[in-house]
Amino acid sequence: MIIRSPEPEVKILVDRDHIKTSFEEWARPGHFSRTIAKGPETTTWIWNLHADAHDFDSHTSDLEEISRKVFSAHFGQLSIIFLWLSGMYFHGARFSNYEAWLSDPTHIRPSAQVVWPIVGQEILNGDVGGGFRGIQITSGFFQIWRASGITSELQLYCTAIGGLVFAALMLFAGWFHYHKAAPKLAWFQDVESMLNHHLAGLLGLGSLSWAGHQVHVSLPINQFLNAGVDPKEIPLPHEFILNRDLLAQLYPSFAEGATPFFTLNWSKYADFLTFRGGLDPVTGGLWLTDTAHHHLAIAILFLIAGHMYRTNWGIGHGLKDILEAHKGPFTGQGHKGLYEILTTSWHAQLSLNLAMLGSLTIVVAHHMYAMPPYPYLATDYGTQLSLFTHHMWIGGFLIVGAAAHAAIFMVRDYDPTTRYNDLLDRVLRHRDAIISHLNWACIFLGFHSFGLYIHNDTMSALGRPQDMFSDTAIQLQPVFAQWIQNTHALAPGATAPGATASTSLTWGGGDLVAVGGKVALLPIPLGTADFLVHHIHAFTIHVTVLILLKGVLFARSSRLIPDKANLGFRFPCDGPGRGGTCQVSAWDHVFLGLFWMYNSISVVIFHFSWKMQSDVWGSISDQGVVTHITGGNFAQSSITINGWLRDFLWAQASQVIQSYGSSLSAYGLFFLGAHFVWAFSLMFLFSGRGYWQELIESIVWAHNKLKVAPATQPRALSIVQGRAVGVTHYLLGGIATTWAFFLARIIAVG
């Protein structure tokens, strides 16, 4: 730790009235670009307008101005998020059966959307129980509301109004911090202050206030709800907060106030800050006393972390010093220069953040089913499937975004003259070794993982089940995964004092939690079938990484095109007269990477959906016999490609295909429509620009004949625009098809 003399006291960190507010300016399309502001001559103008509106780098090269625009845009984004959240709460208040669900969450299904009868579509309002007709929702909002202690639709209504107030506040802040008091560049680059505020403020105080809410409001209300008390009889949140005796009746240690805290007798608080592990048998969710304890612990960690970095007091760590101290025996200058990169290139910063947030989102997807955090979430199979699928897709997109912005950084912000022998330079210098090895790994994984399936299909087709890779013939058990499962199942006795169960029931140990005759969670067995599909996961993920990493490492130059940096981030080919140079831009790698990301995530969500229906989800009889939705057919059926097609895709599509005439029919229409959107994408992906330009000119001729030709000259999409439209429809169509397939199936059988 370095002690320095204190900094000068007051720095002026904002510019006042930096840019005047002008509605005339905003009303002029393309006001941010000299070329676009001239107005449309050809139809390409509208595409350029969309491509460049938020590409602040193209408006100006002044880093301070770019930073201010990004900062202001973030407030706009937050305002939209608050507006959306407010809408969710408003639907809960105005169009939902929340209060009915709260009184009987095992038999009544959540609904917060009611279709108006205009052309007979009120058929979509299915009977969700409790005398309510509406569309069953699978977002998990009801479960979150119960966990936070919301007991009436009036409370939802008030929260919705609060959301609108915050949305307005954010819009104002976005305007204020760009037009009235715009921060200087030095403020954006003061990373130590930023870390302290984000760690201690957002994460530390955020977690602490949530822990406080859980202890003083959620826990007591949920305690009453679990005991079967009518929600209308439960005291209101402010009564618990203001009246300590109320809480002391439920949690005796409250009677002692803060004395145990200051006398370090913390174990007194163990009645509401627990460390049990496992699930609450009443609700099938994590113990809320465990989650309150968790948020308190997280808050302490982040409050400490938020006091580690050196600001005005000359004490603590400096980020630059930390980075420059990172030097290994084989890493040359190590992290020297990284500080400058991350404080002057927001693309580099964003790339790191997207990579971490994407990975974290995928971790969340897995925790939502393995450790279901909210009451009655685990037995709501539609919501479980939706939350997993949603977080997997989002994680995939964020990780591709990380590669996109890393490549933009390489093209626009990387300065090779100042970087020598630091880690990034060394990675770039042996990029051929990295990419060729990665390519070898992809080939190995592809042939071997696919080969195992092809072997099984062949043996199955020839009627030789004894020669197949399966749990009953030639076993390929995932021994490492099973070892990890067993270690965790045995851990509570050895690691966490007072923990009565392991972190997740999925690890093993024979415990099963069922709520209202439905399985919430049980140990998930892994076998040969999982071993096979896990290697498909490894294959698709490695190919995605290969494409994206090649795009980043060869963004500035390659043997084929040494001056690639001069061509920019996205370009169709290296100019006329140079054949075989198409699809080499960094943008094209992102484009191709998106398809493989789609492959990867599709296999993951198919695996999850079938595995859970086969081995986890189902009903339990009074005798304790579990009947799974698909009767445990995953282990024997998913070991052939034919099995995936026959017993998963085809067998489980019957609900969506036969949904016409029922309340699920919207999913049938979506299934059809999304297939069409997906097929429509192929038209953009398989045809070249010239084909369309010829067709357009013929159509323009006809318009001229009839004297109805437009003033703006029609143009075919550019090559890059065509690819962008193609991949968008491909992903949108594919994801919406999967969504309709999953939901119609799980709502019908779950």
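Backbone N, Cα and C define each Cβ position, glycine as well.
Not measured: the values here are computed from a predicted model.
Listed in sequence order, Pro572, Cys573, Ile719 are the same-chain residues six or more apart from Cys582 ([4Fe-4S] cluster binding site) with CB atoms under 8 A from its CB. If you look up Swiss-Prot, you'll see Cys573, Cys582 marked as [4Fe-4S] cluster binding site.
The annotation chlorophyll a' binding site is assigned in Swiss-Prot to His675. Cβ neighbour count for His675 (chlorophyll a' binding site) (all protein chains, 10 Å cutoff from its Cβ): 15.
The chlorophyll a binding site annotation in Swiss-Prot covers Met683, Tyr691. Other Cβ atoms within 10 Å of the Cβ of Met683 (chlorophyll a binding site), summed over all protein chains shown, number 13.
If you take the C-beta of Trp692 (phylloquinone binding site) and look for same-chain residues 6 or more apart in sequence within under 8 angstroms, you find Ala716, Leu717. In the three-state DSSP classification, Trp692 (phylloquinone binding site) falls within a helix. Positions annotated as phylloquinone binding site by Swiss-Prot, on the basis of sequence analysis: Trp692.
Residues or ranges marked as transmembrane segment by Swiss-Prot on the basis of sequence analysis: 70-93 (among others).
Per Swiss-Prot, the feature transmembrane segment maps to 156-179 (among others).
Residues annotated as transmembrane segment in Swiss-Prot, with sequence analysis given as evidence: 195-219 (among others).
What Swiss-Prot lists as transmembrane segment is 291-309 (among others), and the listing cites sequence analysis. Counting same-chain residues at least six beyond the ends of the transmembrane segment (291-309), those with a Cβ under 8 angstroms from any Cβ of the stretch are 191-193, 195-201, 203-208, 210-211, 214-215, 218-219, 272-275, 316-319, 373.
The list of residues near the transmembrane segment (346-369) in space but at least 6 beyond its ends in sequence, with Cβ under 8 angstroms from a Cβ of it, reads 66-67, 70, 377-378, 384, 387-388, 390-392, 394-399, 401-406, 408-409, 412-413, 506, 521, 608, 612. The transmembrane segment feature in Swiss-Prot is assigned to 346-369 (among others).
Annotation comment: Swiss-Prot describes 385-411 (among others) as transmembrane segment, evidence class sequence analysis.
According to Swiss-Prot, the feature transmembrane segment maps to 433-455 (among others).
Long-range Cβ contacts of the transmembrane segment (531-549) within its own chain (Cβ-Cβ under 8 Å, at least 6 residues beyond either end) map to 399-400, 403, 434-435, 438-439, 441-442, 445-446, 448-450, 452-453, 456, 469, 476-478, 481, 589-590, 592-593, 596-597, 599-600, 603-604, 607, 638-639. Annotation source Swiss-Prot lists transmembrane segment at 531-549 (among others).
Feature annotation from Swiss-Prot assigns transmembrane segment to 589-610 (among others). Listed by sequence, the residues of this chain that lie at least six past the ends of the transmembrane segment (589-610) yet keep a Cβ under 8 A from its Cβ atoms are 369, 385, 388-389, 392-393, 395-397, 399-400, 403-404, 407, 530, 533, 536-537, 540-541, 543-544, 547-548, 550-552, 583, 630, 634, 638, 644, 648, 652, 723-724, 727, 730-731, 734-735, 738, 742, 746.
Here Swiss-Prot flags 664-686 (among others) as transmembrane segment.
Swiss-Prot lists 724-744 (among others) with the feature transmembrane segment.
Every protein chain considered, the tally of other Cβ atoms within 10 Å of the Cβ of Cys573 ([4Fe-4S] cluster binding site) stands at 17. Of the recorded ranges 70-93, 156-179, 195-219, 664-686, 724-744, the transmembrane segment (385-411) has the largest number of C-beta contacts under 8 angstroms with 724-744. Taking the Cα atom of each, Tyr691 (chlorophyll a binding site) and His675 (chlorophyll a' binding site) are about 25 angstrom apart. Taking all protein chains in view, 11 other C-beta atoms sit within 10 angstroms of the C-beta of Tyr691 (chlorophyll a binding site). Cα-Cα distance from Met683 (chlorophyll a binding site) to His675 (chlorophyll a' binding site): 13 Å (rounded to the nearest whole number). Non-local neighbours of the transmembrane segment (195-219) in the same chain are 147-149, 237, 240-241, 247, 250-251, 272-273, 288-289, 291-292, 295-296, 298-299, 301-303, 305-309, 311, 319; each lies 6+ residues outside the stretch with a CB under 8 Å from one of its CB atoms.
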